[in-house]
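Contents: one structure, followed by commentary.
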Amino acid sequence: MKTAHTIVVFGGDYCGPEVMKEGLKVLSEIERQNPDVKLELIHHLVGGAAWDVHGENITTAALSDATSASAVLLGAVGGPKWAKHAIPVEWGLGRLRKALDAFGNLRPVNFAAPSLISRSSLKPKVCTGTEILIVRELTGGVYFGPRSEHDGSFDQASDTDVYTRKEIERVTRLAGSLAMARDPPLAVTSLDKANVLAACGRLWRGVVSEVMAAEFPEIELRHMLIDSAAMVMALNPTKLNGVVLASNMFGDIISDQASAIPGSIGLLPSASLCSIPERGQESSRIRGLYEPIHGSAPDIAGKGIVNPIGMILSVAMMCRLSLDMGAAATSIEAAVRDTLEVGICTPDIGGTASTSEVGDAVVAALVRIFDKH
């Protein structure tokens, strides 16, 4: 009997459908190589595309399908066409994350191929060997705390940073479980501002310390102030190798800073997870939302030059974390590496290949890898 997985696909806006097409090419080849697996794709609209058709940024039917699926794939959301809407179309993504209860965002920071080291914003001697997994808490903190807008006078406004023990415990367990999936376990560096802040400072540090000591004593835990971490990320990022754990706002900022290291924002995948993988397991079956970290890129959408690697590597993350197909994920990563190493890449990283040519090359590399085995 075949193992069945349902995947909800949101192409999204502008360049989103372009990169999604390449991600699905790769996924189709993975299904071909695994005859005991059946992948059912359900397509829905989100963001501006959903607004144009349905008059809302995401439909109830789409949310229902997503919350019962094995995983969700997303291209990109939003753009200038809908910039003046009273309700931002990007809120569709927020509604999707909330419906899924996606609480932990994962962003790997590394080089998909050795040849990319020369494309980094950092000197090769500084960035070579960077291997970081940023785990960002998504449900609490200043983005969701009570706020007071100014009254039009621009005199005063406020945002309140609120965290609960439960929120911090959950994301700490996620970071610990991901660290334990490697042998030996990865170090965990927790970022905070414990010298001046209460919520994402002293509370954060205290709860993280308790959980790690009680549940993950094998793991080396390091605490670092967020401003110090930002400096280290720019000067010597390998000092942060392992899992970097951060609150919502700090994780938002440090992950964007880190995205400059691999050479192009188009290279980087992400996952937003809804539960915690089993301790010490390299692959799992937990629901997650997978998307490249780049935006909808309206300036280059439709030109056939958008980098699809972030989307393709997001598919690899989905295979590993939601479909329990770790070997397939490893094959995708190897195919991406092989493709980039022979110079087949988009203009953002110095190549001349189109979006579809890169996708086709990754699929061809996947076929070669499969045939070798």
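Using the three backbone atoms N, Cα and C, a Cβ is placed for every residue, glycine included.
The NADP(+) binding site feature in Swiss-Prot is assigned to Val77, Gly78, Gly79, Ser284, Arg285, Ile286, Arg287, Gly288, Leu289. Reduced to three states, the DSSP call for Arg287 (NADP(+) binding site) is coil. Neighbour list (Arg287 (NADP(+) binding site), Cβ cut-off 8 Å, at least 6 residues apart, same chain): Ala69, Ser70, Ala71, Val72, Leu100, Leu273, Cys274, Ser275, Ser322.
Swiss-Prot lists Arg97, Arg136 with the feature substrate binding site, giving similarity to another entry as the kind of evidence. In the three-state DSSP assignment, the secondary structure recorded for Arg97 (substrate binding site) is helix.
Neighbour count (other Cβ atoms within 10 Å of the Cβ, all protein chains): 12 for Asp227 (Mg(2+) binding site). Classification of Asp227 (Mg(2+) binding site) by DSSP places it within a helix. Annotation comment: Swiss-Prot describes Asp227, Asp252, Asp256 as Mg(2+) binding site, evidence class similarity to another entry.
A coil conformation is recorded for Tyr143 (site 'Critical for catalysis') in the three-state DSSP classification, outside any helix or strand. Among the features that Swiss-Prot reports, site 'Critical for catalysis' is placed at Tyr143 (among others), with the record citing similarity to another entry.
Taken residue by residue with DSSP, Lys193 (site 'Critical for catalysis') is part of neither helix nor strand, so it is coil. Sequence-distant contacts of Lys193 (site 'Critical for catalysis'), defined by Cβ-Cβ distance under 8 angstroms and a gap of at least six in the same chain, are Cys200, Gly201, Leu225, Ile226, Asp227, Phe250. Per Swiss-Prot, site 'Critical for catalysis' is recorded for Lys193 (among others).
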If you count Cβ atoms within 10 Å of each one, which of the binding-site residues Val77, Leu289 comes out on top?
Val77
Which ones, of the binding-site residues Val77, Gly79, Arg136, have a Cα no more than 10 Å from the Cα of Asp252 (Mg(2+) binding site)?
Arg136
Select the closest residue to Asp256 (Mg(2+) binding site) from the following binding-site residues, measuring between CA atoms: Val77, Gly79, Arg97, Arg136, Arg285.
Arg136
Close recorded positions near Arg97 (substrate binding site), where close means Cα within 10 Å, chosen from Val77, Gly79, Tyr143, Leu289:
Leu289
Of these binding-site residues, Asp252, Asp256, which scores lowest on Cβ atoms within 10 Å?
Asp256
Starting from the Cβ centroid of Asp227, Asp252, Asp256, the recorded Mg(2+) site, name every other residue in that chain with its Cβ within 8 Å, sequence order please.
Ile226, Ala230, Met249, Phe250, Gly251, Ile253, Ile254, Ser255, Gln257
